[in-house]
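S.K.: Relevant sequence annotations retrieved from TrEMBL are reproduced here:
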- 20-39: transmembrane segment (TRANSMEM)
- 21-429: domain 'Major facilitator superfamily (MFS) profile' (DOMAIN)
- 60-82: transmembrane segment (TRANSMEM)
- 102-126: transmembrane segment (TRANSMEM)
- 147-166: transmembrane segment (TRANSMEM)
- 178-197: transmembrane segment (TRANSMEM)
- 240-265: transmembrane segment (TRANSMEM)
- 277-299: transmembrane segment (TRANSMEM)
- 306-324: transmembrane segment (TRANSMEM)
- 330-352: transmembrane segment (TRANSMEM)
- 364-384: transmembrane segment (TRANSMEM)
- 396-422: transmembrane segment (TRANSMEM)
- 433-460: region 'Disordered' (REGION)
Amino acid sequence: MGGVALDDGPTGVKAPDGGWGWAVLVGCFVITGFSYAFPKAVSVFFKELIREFGVGYSDTAWISSILLAMLYGTGPLCSVLVNKFGCRPVMMVGGLFASLGMIMASFATSIIHIYLSTGVVTGLGLALNFQPSLIMLNRYFSEKRPLANGLAAAGSPVALCCLSPLGQVLQYNYGWRGGFLILGGMLLNCCACGALMRPLLPPKKLKSLEESGDGAVQEQKKPQPKKRLLDFSVFKDRGFLIYTIAASVMVLGLFVPPVFVVSYAKELKYEDTKSALLLTILGFVDMFARPTCGLIAGTKWMRPKTVYLFSFAMIFNGCTDLIGSQATTYVGLVVFCIFFGMSYGMVGALQFEVLMAIVGTEKFSSAIGLVLLMEAIAVLLGPPGAGRLLDATHNYMYVFLLAGCEVTLSAFILAIGNFLCIRKKQKEPEAKMEMAVTAAETEELRRSEDNEDSEVVHKGQNGKAGEVVNIVKGAVEEIKEGSPETSL
């Protein structure tokens, strides 16, 4: 009572890998589904909007583009808010914004109003939910984190398979205004998901120790530096720089095939229903590929090599694009969508897991915001650039070839960068941690010896000092045991 509970991940807290973490996972699953599927689901209403406002397809396409730009581009803003207020309050406010935007859009009188309400307000609300949910998932899971990431990422294809048909039903029965209003009410579930993000509490023994006000504990406490709202020191990390470059190149081509595959089928003279079925096939395969990949990545043998599994997933995706560019029949496109769904699901399950492994829990809230900002630029350049190439060549083959080359290049950047620049420094941080722990333990032992020398004067306090030493040493061991294994 009387203050905001900041979820900064206090020192000594070990990820429970279960318990309330499963409730956090459910919330993250729903939030991920809304965040990634909503920009695509809104496209169901585009024909009605064109008829209502007398605009073209390119004008309505800006709605989805603005939504995605807000989701990615506001990453640093989300990081600042999370570091200042905590994940739960930010997500609750974000849920209100997401709902309010769609409700406002249902009363729109021009396409500009839709841009501002659905694109900007709802996009900002989804962004304020998506990033904090991943941060909380990272804090609640360590050993089972790859599986948790895979299950949470599966929310995207599941929501897409549900929201698109639902949007068509709403449009048919209530029109686009009624549909927007109902979807706005559904987005209030983001507030419920935000309420699940309960901050982790420190161990009881450390908490009771701090509350006791013991003199030795007061000596142990040191003035903590003021926490940065956005930690740019992550750019000093080679692993983070390599990951950011690779992810930005990957995003240039990753979202291109799902955007153009339906148009490609129509270009080959297949009917609309058969063409739209391709995305359903892709999403269905993606739905099972994400948790399966997370399960594989969480095995003891694969966990230290997650970055190479991620690189393989990107190569798999890029090669699928390159081979799929030669498809000229509907069967060929179906096969392409099956393999693309598998590789796309692997990438979706691993992308944030690898970032978590690189930067750690403490800096993840700032790192993900900066990465999403860089990816926002690539998201805005990728599909429009592919569209210009299509206008110039009038051949979808070149579009898929370009996307495949970009994704494959990103895989080589990550794998080679990890092998040459990061792997050599693998043992150095561990050595530094060992030295730091040894120094801390030595200092505590020295203090306990000094207290023993003054046993006659302070006999009662010496017993407490010994307890303090044992508790602090136990907490240090918990921290060492709780650190996740990673090759990065």
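A Cβ is built for glycine as well, from the same backbone N, Cα and C atoms used for every other residue.
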S.K.: Where else in the chain does the transmembrane segment (147-166) make close Cβ contacts, counting only residues six or more beyond its ends and a cut-off under 8 Å?
M.R.: 21, 25, 28-38, 40-41, 44, 133-134, 137, 140-141, 280, 283-284, 286-288, 290-295, 297-298, 345, 348-350, 352-353, 356
S.K.: Does the structure show the transmembrane segment (20-39) and the transmembrane segment (330-352) touching, where I'm treating 3 or more Cβ pairs under 8 angstroms (sequence separation 6 or more) as a contact?
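M.R.: The transmembrane segment (330-352) and the transmembrane segment (20-39): touching, no.
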S.K.: Would you call the transmembrane segment (240-265) and the transmembrane segment (60-82) in contact, using three or more Cβ pairs under 8 Å, pairs 6 or more apart in sequence?
M.R.: no
S.K.: Can you tell me which recorded stretch out of 178-197, 306-324, 330-352, 364-384 has the most Cβ pairs within less than 8 Å of the transmembrane segment (277-299)?
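M.R.: Ranked by Cβ pairs under 8 Å, first place goes to 330-352.
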S.K.: List, by number or range, the same-chain residues at least 6 past the transmembrane segment (396-422) whose CB is under 8 A from its CB atoms?
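M.R.: Sequence-remote neighbours of the transmembrane segment (396-422) are 238-239, 242-243, 245-250, 252-254, 256-257, 260, 263-264, 267, 307-308, 310-315, 317-322, 324-326, 382, 386, 389-390, 487-488.
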S.K.: Mind pulling out the one from 60-82, 102-126, 306-324, 330-352, 364-384 with the most Cβ pairs under 8 angstroms to the transmembrane segment (178-197)?
M.R.: 102-126
S.K.: Short question: which residues 6 or more past the ends of the transmembrane segment (60-82) have a Cβ under 8 Å from it?
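M.R.: Residues packing against the transmembrane segment (60-82) from afar: 35, 38-40, 42-43, 46, 49-50, 90, 111, 114-115, 118-120, 122-124, 126-128, 130-132, 135, 229-230, 365-366, 368-373, 375-376, 379-380.
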S.K.: For the transmembrane segment (306-324), what are the same-chain contacts with Cβ under 8 Å, counting residues 6+ beyond its ends?
M.R.: 146, 246, 250, 253-254, 256-257, 293, 296-297, 332-333, 336, 339-340, 342-344, 346-347, 350-351, 353-354, 357, 400-401, 403-412, 414-415, 418, 486-488
S.K.: So what's the mean pLDDT when you look at the domain 'Major facilitator superfamily (MFS) profile' (21-429)?
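M.R.: On average, pLDDT over the domain 'Major facilitator superfamily (MFS) profile' (21-429) sits at 82.
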